[in-house]
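In TrEMBL this protein carries:
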DOMAIN    4-58  domain 'Nodulin-like'
TRANSMEM  41-59  transmembrane segment
DOMAIN    60-196  domain 'Nodulin-like'
TRANSMEM  80-103  transmembrane segment
TRANSMEM  115-134  transmembrane segment
TRANSMEM  146-165  transmembrane segment
TRANSMEM  177-196  transmembrane segment
DOMAIN    271-463  domain 'NFD4 C-terminal'
TRANSMEM  288-307  transmembrane segment
TRANSMEM  328-346  transmembrane segment
TRANSMEM  352-374  transmembrane segment
TRANSMEM  438-457  transmembrane segment
């Protein structure tokens with residue numbers, strides 16, 4: 001997931017692309033849209049996941065493979081799982097920046113592009129085998145383990161934040177950069193150690209409670225129920241299931257709930273991604289020093305992580321304990337993001353730093369909430385396809401905000417003042433370069449928040465119930481089937497031994 005964080009680094013090398021190819025802002029933002037489309041075009045991955053094993057999917061679409069497999073392994077902790085996984089995607093941009101500095105000892109964007117061309121692919125090939133669906137007994141202290149993973153991830157994020165702040169004020173040598181990456185490498189290994197420790201615990205627990213010779217079998221009663229299942233009729237396909245049940249792909253895509261999710265995602269997430277893609281030009285227009293751009297991008301990545309784990313853990317608690325609808329929290333994060341967009345529309349001293357924190361945190365908080373809401377409302381049967389269909393809203397919003405709003409407004413302002421430099425692209429300097437476009441982005445994001453609040457109102461009764469009851473019941477049935485079969489098996493063995501002795 002850290003390797004999947006490279007799209008957040010576009011703001012670091014976008015200036016290089018602009019000057020190298022003599023692009024105007026509209027052309028550059030069109031390229032940014034292509035990047036957003038590529039990182040979110042996972043519909044093929046979702047359809048492939050319906051038939052392919054996770055490891056095969058991972059070699060092509062690691063983001064989808066990891067999320068779908070992990071949510072399937074922990075269906076009643078999906079908010080926490082999504083927050084942790086997407087959180088590491090958020091940290092990926094900052095970690096890859098530090099690795100580039102350790103290798104090359106400078107902030108050359110060309111070196112960073114070269115690094116991104118090979119490192120994430122190598123990580124995928126090293127990690128694809130362990131990604132699989134695991135059918136094991138539930139850990140008795142599962143939530144506690146997830147919190148241990150959370151504490152480690154927060155430690156990584158805090159260290160990265162400390163490192164970037166220090167690098168802003170002190171000139172590092174290449175050895176200093178390498179030392180920082182060494183510490184990051186050690187911290188990244190800690191979750192693996194936690195996982196190994198808990199696997200050993202489950203192994204010992206299994207030896208104490210289960211007979212290793214027992215073979216899991218489906219009881220006859222359950223086989224009879226399965227035999228009664230028939231193919232769905234046309235009337236069943238046309239009839240929309242209850243929220244939380246397994247929707248078909250078409251039923252979910254044509255529902256009003258999905259329409260509201262799509263509107264909120266296009267408006268809010270599209271605006272946030274557009275803002276992040278233009279961060280380098282925003283800093284340049286306000287005459288920030290060149291080295292500050294990589295720091296700003298790193299801060300976005302770090303606070304993107306904080307937003308993701310915050311929304312993952314907090315939304316799970318607020319939903320399960322206080323029955324607060326997840327879409328309501330989705331709307332609150334979008335309102336919060338508006339304040340960051342307004343910090344760019346009406347700049348003040350160090351406002352871009354403030355905006356990077358707010359927008360990074362806001363977008364980060366929105367990402368796991370989208371995926372969790374889709375799984376809550378439409379079930380997990382076709383989750384791999386539905387989450388990727390939901391993601392398509394992000395590049396659509398990015399294109400509208402990035403190309404049609406920011407790019408055209410920026411180029412109009414740059415042309416108005418005659419600031420055309422051959423070989424350096426069309427550039428604009430001053431507070432007016434992004435003010436109008438970011439006022440529009442703030443208004444659009446607020447509109448997306450309203451759509452989220454409407455969805456929260458529509459689903460309030462659903463979230464008042466037990467959203468995870470179905471999945472807990474399924475796990476209990478499976479576990480009880482194993483126990484019943486093992487006890488019957490032992491009784492049969494005892495009876496056979498008694499009969500043999502009597503003979």
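Quick reminder: no glycine exception, Cβ is built from N, Cα and C everywhere.
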What parts of the chain pack near the transmembrane segment (146-165), using Cβ distances under 8 Å and only residues at least 6 beyond its ends? 77, 80-81, 84, 87-88, 91, 94-95, 98, 180, 183-184, 187-188, 190-191, 194, 295, 298-299, 302, 305-306, 309, 313
Checking distant contacts: for the transmembrane segment (80-103), what same-chain residues at least six beyond its ends satisfy Cβ-Cβ under 8 A? 1-6, 8-9, 12, 63, 66-67, 70-71, 74, 111-112, 115-116, 119-120, 143, 146, 149-150, 153, 156-157, 160, 163-164, 172, 174, 177-178, 180-181, 184, 188, 294, 297-313, 315-316, 360, 364, 367-368, 371-372
Take the domain 'Nodulin-like' (60-196) and count its residues per DSSP category (helix H/G/I, strand E/B, coil), listing them in that order. 112 helix, 0 strand, 25 coil
Tell me the residue counts in helix, strand and coil for the domain 'Nodulin-like' (4-58), as DSSP assigns them. 46 helix, 0 strand, 9 coil
